[in-house]
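Participant: Here it is, the structure, as structure tokens.
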Amino acid sequence: MDLSDYRREYLKGGLHEDEMPADPFEQFAFWFKQATDADYPEPNAMSLATADANGRPSLRTVLLKYFDTNGFVFFTNYTSRKAKEIEQNAQVSLLFPWVTLERQVIVVGRAEKISTAESLKYFSSRPRSSQLGAWVSAQSQAIPTRKFLEMKLAEIGRKFKEGKVPLPDFWGGYRVVPEEIEFWQGGAARLHDRFQYTRESTETNDWSIQRLSP
Ligand SMILES: Cc1cc2nc3c(=O)[nH]c(=O)nc-3n(C[C@H](O)[C@H](O)[C@H](O)COP(=O)(O)O)c2cc1C
């Protein structure tokens with residue numbers, strides 16, 4: 001299939017130096033709210049890129065669950081492929097592909113496991129079915145059939161029939177602590193606006209900003 005004629009002009013707006021806040025999280029929150037207000041489907045779905053110790057990359061979608069000036073938090077299985085790669089190489093990248101808004105946000109930083117208490121807080125807020133699902137899935141491992149999963153779910157359901165479902169020790173969150181955050185806004189004639197924030201110090205929320213060529 002030839003897709004070479006698939007193109008459109010990006011005309012929704014621009015980004016201007018004098019409107020970029022000093023704090024990139026402020027800009028992210030502003031764009032996130034605009035994505036939500038525009039009914040962008042699952043604006044918190046982001047691509048997470050990891051790479052193993054040899055630099056071999058892998059990529060998948062995960063859901064951003066919350067963010068603040070400390071970073072972006074998602075939840076997953078600590079024995080999954082992504083988790084194994086993060087163990088070998090904590091450098092990761094996130095991409096928010098808000099393409100119908102003619103925008104993308106790219107984060108580069110380090111993934112850190114959050115505390116068990118913090119994971120428990122989020123786990124406790126999940127529906128019971130999702131809590132049981134976390135117990136059932138040995139994420140990223142080969143399994144024989146779907147039936148195998150359904151039987152495991154029934155077994156786990158019986159095991160935790162009474163009371164609260166406990167937090168599995170193989171499940172929890174990562175916080176991606178950004179070192180760079182780029183905001184991209186499509187522009188006419190492919191003259192897009194790109195602003196890259198680079199963290200000045202690991203101790204503080206101080207950032208330098210530069211415009212990048214599209
Ligand atoms: C919209 C969407 C949201 C997802 N959210 C998550 C998530 O928050 N956490 C997660 O572990 N997997 C999530 N997944 C599944 C992952 O993309 C992936 O299949 C899984 O985490 C295993 O990845 P890995 O084998 O590379 O570790 C999501 C997939 C989609 C399409």
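Each residue, glycine too, has its Cβ placed from N, Cα and C.
Just lifted these from TrEMBL, have a look:
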- R7, R8, E9, Y10, K65, Y122, R126, S130, R190, L191, H192: substrate binding site (BINDING)
- 33-156: domain 'Pyridoxamine 5'-phosphate oxidase N-terminal' (DOMAIN)
- 60-65, 75-76, 81-82, Q104, 139-140, W184, R194: FMN binding site (BINDING)
- 171-214: domain 'Pyridoxine 5'-phosphate oxidase dimerisation C-terminal' (DOMAIN)
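Can you tell me where each of these features sits in this structure?
Facilitator: A C-beta separation below 8 Å, combined with a sequence spacing of at least six in one chain, links R190 (substrate binding site) to P214.
Mean per-residue pLDDT, taken over the domain 'Pyridoxamine 5'-phosphate oxidase N-terminal' (33-156), amounts to 97.
Within the same chain, the residues at least 6 positions away from R60 (FMN binding site) whose Cβ sits under 8 Å from its Cβ are S47, L48, K82, listed in sequence order.
Only residues 6 or more beyond the boundaries of the domain 'Pyridoxine 5'-phosphate oxidase dimerisation C-terminal' (171-214), in the same chain, are considered here, and those with a CB under 8 A from a CB of the stretch are 9-17, 20, 22-25, 27-28, 31, 65, 69-78, 86, 92, 94, 102-114, 116, 118-119, 122-123, 134-135.
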Participant: Looking only at Q104, S140, the binding-site residues on record, which one has the least crowded Cβ, with the fewest other Cβ atoms within 10 Å?
Facilitator: S140
Participant: By the DSSP assignment reduced to helix, strand and coil, which category contains Q104 (FMN binding site)?
Facilitator: strand
Participant: If you measure every Cα to Cα distance among R7, R8, E9, Y10, K65, Y122, R126, S130, R190, L191, H192, the residues said to bind substrate, what is the biggest one in Å?
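Facilitator: Looking at R7, R8, E9, Y10, K65, Y122, R126, S130, R190, L191, H192 as a set, their Cα atoms extend up to 44 Å apart.
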Participant: How many other Cβ atoms are found within 10 Å of the Cβ atom of R7 (substrate binding site), counting all protein chains shown?
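Facilitator: Its Cβ has 8 other Cβ atoms within 10 Å.
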Participant: Taking only the binding-site residues R81, Q104, R190, which have a CB closer than 6 angstroms to any atom that belongs to ligand 1?
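Facilitator: Near ligand 1, sequence order: R81.
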Participant: State the three-class DSSP label for R81 (FMN binding site), counting H, G and I as helix, E and B as strand, and everything else as coil.
Facilitator: helix
